[in-house]
Amino acid sequence: MASIRRTLSPYQDRSHQNGGSTSPFSLNSPSHKHNSTSRFASPLSTFGVGVRRFIGGEKHIPPRKGYRTWRRSIYSCMLFFLVGFLLGLAPFGEFEDVRSRDFSFEVNRSPTLDVKEDILVDKVELAVQNEKRENVKERFDYLARKQLIVVTPTYNRALQAFYLNRLGQVLRLVPPPLLWIVVEMNVASTETADILRGMGIMYRHLVCTKNLTNIKDRGVHQRNRALEHIEYHKLDGIVYFADDDNVYSLQLFETMREISRFGTWPVAMLAQSKNKATLEGPVCNGSQVIGWHTNEKSKRLRRFHVDMSGFAFNSTILWDPKRWKKPSLALIRQLDTVKEGFQETTFIEQLVEDESQMEATPLGCSRIMNWHLHLEARELGYPNGWLLPKNLDALLPIE
């Protein structure tokens, strides 16, 4: 019988010559298994094998380097997206309408409250709206107030710091807008500037430069310096001359804002002898001036019996005469050439013609709102051993 001899492949791998199981012609080889599996496997099992390969469940040989990584990521994302989409469409039960639920609670053993009635929400919203309205109203009230222009002449003396601080603390309590004009002679002292900066109110620190040898009344020229400043800058407001040694109430500054042209009120004055108090100012019938209080015989010739701190006027009289139908543009200033005690009446005569153009405040002049006190001693000394620089509040002991 003829024998048949099988010819070997020209390529012989030494590792498979002894009958290794990894031979390409062996039944146990991977290629043989893959071919036999692909023949008889169903399409569903083939899809499962592919999914396991792409998500890393079964190792296989990639066609080339780098191709398996991005392809596996794409198929993984697609698979998870498909699963999530199917889960989102699947019904898991019926949702109960929240609005039909009764959310009630008990506070301090009181009857339950139902949130669906919106009782508490309405109250909160209403309170917020009221708060906003109050803020808006307060802002408009602030804008509607007239500006007060308080003019204070001052000079270096023992109680200057005390007087300025006392008056400044009163002005701080006055609702704005308020401008405090403080006038000094010849030079603006550092101590006065420090007091004004520490008050926290709007101020202007002015200096009156005059030859002291020709000045009868220092305060007249200081007030005129303030009037020049108001006229030059056309400041709009109610001008009031407030000396630093007087005592003022807050109601006085509140009533000033009601003045249209010229307002006046009675002032209580302590006599020089300090043994009695006198009253100087208008006699009123409601808001109408019908007479004057006066006690000094030397001042009975005055046209208007008013103290310097007993009147206030509209600043537009100084720089807008057409508004008040004044024929001339003459400067309105205080005069130091007149007799002492007549500066007030000569100045008021430039502002108004008679009592019909005046406004008495408060109604009936029934309340004293400021005092003119003569408490400062002209020869006030300090204890021995104390040095007073520039007559202000800096006291240094001498060793």
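Cβ from N, Cα, C; glycine included.
All TrEMBL annotations are machine predictions without curation.
Features reported for this protein in TrEMBL:
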TRANSMEM  74-93  transmembrane segment
BINDING   Asp245  Mn(2+) binding site
SITE      Glu280  site 'Interaction with galactose moiety of substrate glycoprotein'
ACT_SITE  Glu344  active site, proton donor/acceptor
Largest tally of Cβ atoms lying within 10 Å of a Cβ, found at which of the recorded positions Asp245, Glu280, Glu344: Glu344
Cα separation, the residue listed as 'Mn(2+) binding site' to Glu344 (active site, proton donor/acceptor) (Å, whole number): 18
